[in-house]
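Feature annotations, courtesy of TrEMBL:
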- Q110, F111, I112, D164: (6R)-10-formyltetrahydrofolate binding site (BINDING)
- H128: active site, proton donor (ACT_SITE)
- D164: site 'Essential for catalytic activity' (SITE)
- 339-416: domain 'Carrier' (DOMAIN)
- 592-594, 618-621, 651-656, 671-672, K778, 825-827: NADP(+) binding site (BINDING)
- E694: active site (ACT_SITE)
- E694: active site, proton acceptor (ACT_SITE)
- C728: active site, proton donor (ACT_SITE)
Amino acid sequence: MLWTANTIIRKFSSSSAYYQNKLKLALIGQSLFGQEVYTNLRKQGHKVVGVFTVPDKDGKADPLAVVAEKDGTPVFKFPRWRLKGKPIPEVVEAYKAVGAELNVMPFCSQFIPMNVIDFPKHGSIIYHPSILPRHRGASAINWTLIEGDKKAGFSIFWADDGLDTGPILLQKECPVEPNDTVDTLYNRFLFPEGIKAMVEAVQLIADGKAPKIPQSEEGASYEGIQKKSNAKVNMAQPAEVIHNWIRGHDKVPGAWIVIDGKPVTLYSSSMLSGSVPAGQPIEVEGASQPGLIAKSGLILFGSDGKALQVKNLQFEDRKMIPASKYFSSDEAASLDLTDDEKKMAEEIRAIWKGILSNVPVIDDTTDFFKSGAASMDVVRLVEEVKQKCGGVQLQNEDVYMATTFQIFVQMFVRRLRGEDQEEELVIDYVTKDVNNMTVKMPHQCFINGNFEDAEDGKTYNTVNPTDGSVICKVSYASVADVDRAVSAAKEAFDNGPWGKMNPRDRGRLLYRLADLMEEHQEELATIETIDSGAVYTLALKTHVGMSIQTFRYFAGWCDKIQGSTIPINQARPNRNLTFTKKEPLGVCAIVIPWNYPLMMLAWKSAACLAAGNTLVLKPAQVTPLTALKFAELTVKAGIPKGVINIVPGSGGLVGQRMSDHPDIRKLGFTGSTPIGKQIMKSCAVSNLKKVSLELGGKSPLIIFSDCDMDKAVRMGMSSVYFNKGENCIAAGRLFVEESIHDEYIRRVVEEIKKMKIGDPLDRSTDHGPQNHKAHLDKLVEYCELGVKEGATLVYGGRQVDRQGFFMEPTVFTDVEDHMFIAKEESFGPVMVVSKFKDGDVDGVLSRANNTEFGLASGVFTRDINKAMYVSERLEAGTVFINTYNKTDVAAPFGGFKQSGFGKDLGEEALHEYLRTKAVTVEY
């Protein structure tokens, strides 16, 4: 059905109020909407005795079936309920056996027999996305828009033997905004409010208060499902009617018009306010006047002279382009050349003929490279055209992007006219005077080389943890925005210059990007400080400094990615050559955490880009600003459009869509273990994406009595309090040998008392605020639980009594292995210390390894034999000996066990973003 084409996942919780009366329910239906209705009915205490849904498709269960099976609810997946118009007896009997008192049908695409509809004590209720009796039928939302209704809404009604004709139980409505689409209406109102209403309706029935209001036939309408064949736009209508027709068909099946004799599908329509922009005329079949291709899109005129604007066009081969780029598309008609331009075209033909002397005639379809041209010929062509044709500036890359004669001439003429100049990047900066400078911060989604609002216009506040003030509003990306970003990345990979670029040229762009990051290092560090709470000096050196190093390191790898030749048995009497190639994967998704916003971006995206992929990146919702500033710098570096896309927003929405998207081939994630597991599951179910995960840790640090005490104290504190403890590899648990335990703790506390807690922009500050309020609250709760379990709170454990989200550096001793704080990471400035008996090396190793995590570990001892013995037996991806937190861009980083798999940094990181192809030749 049309209205389910682009539904989204939303986390939803209804009221937790207690109701006395509960029902046994059968849920008949499917989809994410059905899943949420099921979940919330169970939360209210109703018993779902059976779920009846559609069979698995391509091995993937419907979302409703997935959650029900997980809960142990009986799930039935009947392909049909009727055969030749009659109920299937065994299906009906299976249904009756569950003993439901009410059928709940949130969204059902199957025909259910009346002896099932009427069987339960309370009958059946159905959700329908229109204000009945208007728009009965399967495409209700579409027709609400097509008909230009000022109000949309939904009805929950009692099922009868008619088509959406049963008595009304309840209805709710909302206004239709001028540029609403099917997606925005569904996501804003019909989905979330519909779930609440289904739960409310069931409770009304349970309480005996549910009305049955007969539907009036006055104003009743029924509209069928629209097909592509009848979705053509009638241009002889007012502009608003045309706009309603387009948005009512967006995205399925898609309204279309005929331009230059070719059908073109229209997406993202809006009424044009203000004056009509300048543009190039274009003939539209059936229109009262020509349309215009303007910088903002395709302008169409209605019979009333008013105008509307269309942002995107799709051709018959499914290729989609921005409407503003119609005349630069290969699908568009050829340019009309002036007499002077025709003379230049003939001059270019002569140049081609001089190079391609083996080709008898240079016609429009002659391909430069298929005719035998090589790289030296590219240089000659570019330089001859510059010399003989008006000094138009061309690059070698232009030839690779326009390989046939006709396309090359069109490219040249547009360059001559100045039509194909890159539009200047428009950025709606938020500016702040801070840290003795003015920082300029983009705050919108970055998609296909442009900063733009989220499609539905939603924003959220990003907060400065130093004082809790709002820095600015940031675009809150929707599923539609993710889809646009992925589409841009896929187009850039498949057809853009990035995929055709020489690896060395790709490396040159990444070096340039690193240089620009260095030029803006202080601005980036300032933004990082106010957005994440990082101490400025640390942000400057580590958050930003290591990010720059990372891009430079991987820029150097671009032209060093190699396969190998492999000796195999020959197919005698012939001979064979087998070799391997390392190839990029395609579109990659990257989801990064909030503790090192820019550095985590660099660790993953630098390797991804060096390997030749394109990417869609979701920064942490609470720390988006350095990622968006980075996006601005990528444009200045010359990274082509669509290669890098940044979509800020929630993990449950944006991250989930990335996990599910069929065009994404790899997802790299840094975050918690539970979310990592969910991502891995979604990536497997969707299209078996390649996944790399850097997850939670509880890294042990073992301090032996023969250590360098000064160094062990200094490094031990750094292992816990570095970056306010918001550090993936932080030492989550210290094991200190008994004979030095008390002295070690005494010295640590002495040093803590010297630490300066305060404004992270103050260069003398040691310890800044925690990243956000919710995290601070969790840390306080973590410490309270440690005390409750019997650990000794030696120092700290409380929020600092000042404005902002500051936590006292904390020390716990007497921590026993069974305690919560011994097993779970705090991800904050909490030192958790246990002592071990003198000389008990194997005993402390056993305790250190008794965890499901394995990200990092450390040991302090002057005995190198002991150090190596311990390092070989510690079950962690990184082991530090007599140091801690020493990471480097050339050294691989990643965990064991439930701390994840796959590596960031070093050569190994490249392999996370490459695939190996074996090629065998017989000769």
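Using N, Cα and C of the backbone, Cβ positions are placed for all residues, glycine too.
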> Of the recorded positions listed here (Q110, H128, D164, C728), which is spatially closest to F827 (NADP(+) binding site) when Cα positions are compared?
Replying inline: C728
>> Max CA to CA distance in Å over the (6R)-10-formyltetrahydrofolate-binding set Q110, F111, I112, D164?
In response: 14
>> So among K618, Q621, Q656, C728, K778, all listed as recorded positions, which is physically nearest to F111 ((6R)-10-formyltetrahydrofolate binding site)? Use the C-alpha atoms.
In response: Q656
>> Same chain, not part of Q110, F111, I112, D164: whose C-beta falls within 8 angstroms of the C-beta centre of the (6R)-10-formyltetrahydrofolate site? Give them in sequence order.
In response: M105, C108, S109
> Counting other Cβ atoms within 10 Å of each Cβ, which of the recorded positions I112, I592, L653, C728 scores lowest?
Replying inline: I112
>> Taking the Cβ of each of the recorded positions and counting other Cβ atoms inside 10 Å, which one has the highest number: H128, K618, K778?
In response: K618
> So of Q110, Q621, Q656, which of the binding-site residues has the fewest other Cβ atoms within 10 Å around its own Cβ?
Replying inline: Q110
> By DSSP, what is the split of the domain 'Carrier' (339-416) into helix, strand and coil residues?
Replying inline: 49 helix, 2 strand, 27 coil
> Taking each of Q110, I112, K618, Q621, C728 in turn, which of these recorded positions have a Cα lying within 10 angstroms of the Cα of E694 (active site)?
Replying inline: C728
> CA-CA, which of the binding-site residues Q110, I112, D164 lies nearest I592 (NADP(+) binding site)?
Replying inline: Q110
> Out of F111, F827, which of the binding-site residues is least crowded by other Cβ atoms within 10 Å?
Replying inline: F111
> Distance between D164 ((6R)-10-formyltetrahydrofolate binding site) and H128 (active site, proton donor) at the Cα atoms, whole Å?
Replying inline: 8
